[in-house]
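What follows is one structure encoded as structure tokens, with my remarks underneath.
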Amino acid sequence: MPSQSYLRPSTALDHLKTYARSDGLAVAELMDSRVHGGLTYNDFLILPGKIDFAAHEVLTESKITRNVVLKTPFMSSPMDTVTEGEMAISMALLGGIGVIHHNQSPSAQAAMVRAVKRHENGFITDPVVLSPSNIVEDVLDVKERLGFSGIPITDTGSLGGKLLGIVTNRDVQFRSPSTLLSDVMTTNLVTAPEGITLLEANDILRDSKKGKLPIVDKEGRLTSLLARSDLLKNQTYPLASKLPESKQLYAAAAVGTRPADRDRLRLLVEAGLDIVVLDSSQGNSIYQIDMIQWIKETYPNLEVIAGNVVTREQAATLIAAGADGLRVGMGSGSICITQEVMAVGRPQATAVYAVAEFASKFGVPVIADGGIGNVGHVVKALALGAGAVMMGGLLAGTTEAPGEYFYHEGKRVKAYRGMGSIEAMEQGKPVPPSAKINGGSSSHKHLNATKTITHENAATSRYFSESSAVKVAQGVSGDVQDKGSVKAFLPYLHAGLQHSFQDMGIHSVRELQEGVKRGRVRFELRTASAQVEGGVHGLHSYTKRLFA
Ligand code: IMP
């Protein structure tokens, strides 16, 4: 290196930078699989850059299909333990998108899509409702399980029934648990008409000094509820994923590629679907090509995410068929045993890079699906060219994921299972009564007990197993620890992402991907001992709290 003494400061800096640029590896060197083999996210790191801005200035906006841009690059998997209506609404409010699974009847799936499209922030559209013949004990049970006691009472005991009263904490205090709610409910009600704006409803709630405001239609039937406690929380979601024109939340759902899926898709489109995800473990098939072409002819405005793929060749077929986005991953999911059993797949970092590098030439974004275990993995997926990440296991333990919490070995958990697990492939088969009543610690009682058999199994089609006499599992079934609400967890992922970008000296996803392409963002491989060094080590014990 030349001595700096005879160089002017700015020239010296340029020289220094030229030398410094050779530090680490450019992405093509890192991803040369002939030298390093296939890589996972844990096999490398990104070298730091220069910080001259605040983390909150970082823009995480990114494209997930040709025409859809999200403010945060987060998607939830179409799995029956991850994404139903509640998760899809929350993901969209927080700037991401949830893909509603199809291991359920087409009408149930369409109802969830409709719920996302109809969602008005602040209104509770699926409140807990009881009937006058319920008893005080039922209210105490709701309070214990869900933490609130302001419950509307309708003649049918469900939403859509005629509103008769409301039961609050004070109504049930000091009452015998067997007292009928008809004897204790408050019937002097303040209500608001359906169609009222959130702002107007909030005013009524404030003036009435009540805890809950039931919203009713012209016939007095309950349509939704507004809670004072929600009013006190921040009700605005500045990052929400909304269509620019209608301001409705984006709705995405998965379908298979069989003829029956065309009927399913019709229902979903009628319900307002914006993005369809063709759900297959190996997307490069004649069925998927036919399906993409049919969708493009029938619903030209529907965005189609095709997949899954892990090679350029697979991607080429689906792009040629008309895909607007590609889902990348085969065998990287936390519940996945595909690579073990099928000997087919690809390490995820290599797969994301290969497909993204190829698809970007045609303007098709890719989604890095599976294997996301922490914020760092998200950053690495984006650096390798992904427009977003898709998460299953990381979100399955949140409140908004389907299923109830239960205790397993002293930990509060929720069921999480692969769609290629035997349990998911058998979804819809009757559950023995014993499993429903005293199913021990089996997580599936929580799922199976709530589903009915009204559809062909979607999981079998995802793994091309419908016609097989023997079902070969490609996934396992287990549980994941309680993660609290996605409304706290996703903002953590977002803030984590912004801090990581700050460390890299990068202001946006676009700048990151451009920097990687031009060789300005540099990488380093991690040896096995480097990975040990990069984790917590040498402590007798510790607590790992991820955010506060
Ligand atoms: P995770 O985020 O690592 O838990 O992975 C979730 C992803 O795994 C999903 O989005 C699917 O692409 C994939 N997946 C879901 N079920 C299975 C399965 O049974 N076997 C293999 N992969 C699966």
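For all residues, glycine too, the Cβ spot is worked out from N, Cα and C.
TrEMBL: automatically predicted annotations, no manual curation.
Every protein chain shown contributes to the tally, and the Cβ of Cys336 (active site, thioimidate intermediate) ends up with 25 other Cβ atoms within 10 Å. If you look up TrEMBL, you'll see Cys336 marked as active site, thioimidate intermediate.
All protein chains shown were included, and the count of other CB atoms within 10 Å of the CB of Arg462 (active site, proton acceptor) stands at 27. The active site, proton acceptor annotation in TrEMBL covers Arg462.
Other Cβ atoms within 10 Å of the Cβ of Asp279 (NAD(+) binding site), summed over all protein chains shown, number 30. Secondary structure from DSSP puts Asp279 (NAD(+) binding site) in coil. Feature annotation from TrEMBL assigns NAD(+) binding site to Asp279, Ser280, Ser281, Gly329, Met330, Gly331.
According to TrEMBL, the K(+) binding site annotation covers Gly331, Gly333, Cys336, Ser529. Other Cβ atoms within 10 Å of the Cβ of Gly333 (K(+) binding site) number 28 in total over all chains.
The 10 Å shell around the Cβ of Gly418 (IMP binding site) contains 29 further Cβ atoms across the protein chains shown. TrEMBL lists Ser334, Asp369, Gly370, Gly371, Gly392, Gly393, Tyr416, Arg417, Gly418, Met419, Gly420, Gln474 with the feature IMP binding site.
Look at TrEMBL and you will find 123-184 (among others) tagged as domain 'CBS'.
The predicted model assigns the domain 'CBS' (185-241) a mean pLDDT of 85. The domain 'CBS' annotation in TrEMBL covers 185-241 (among others).
Checking the binding-site residues Asp279, Ser280, Met330, Tyr416, Gly418, Ser529 against ligand 1 with a 6 Å cutoff on the Cβ atom leaves Gly418, in sequence order. Geometry remark: Ser280 (NAD(+) binding site) versus Arg462 (active site, proton acceptor), CA distance 4 Å. Annotated NAD(+) site Asp279, Ser280, Ser281, Gly329, Met330, Gly331; additional same-chain residues within 8 Å of its Cβ mean position, judged by their own Cβ, are Gln282, Gly283, Gly307, Asn308, Arg327, Thr338, Asp369, Gly370, Arg462. Here IMP is bound by Ser334, Asp369, Gly370, Gly371, Gly392, Gly393, Tyr416, Arg417, Gly418, Met419, Gly420, Gln474 per the record. The longest Cα to Cα distance in that group is 16 Å. For the binding-site residues given as Gly370, Gly392, the lowest number of other CB atoms within 10 Å of the residue's CB is seen at Gly370.
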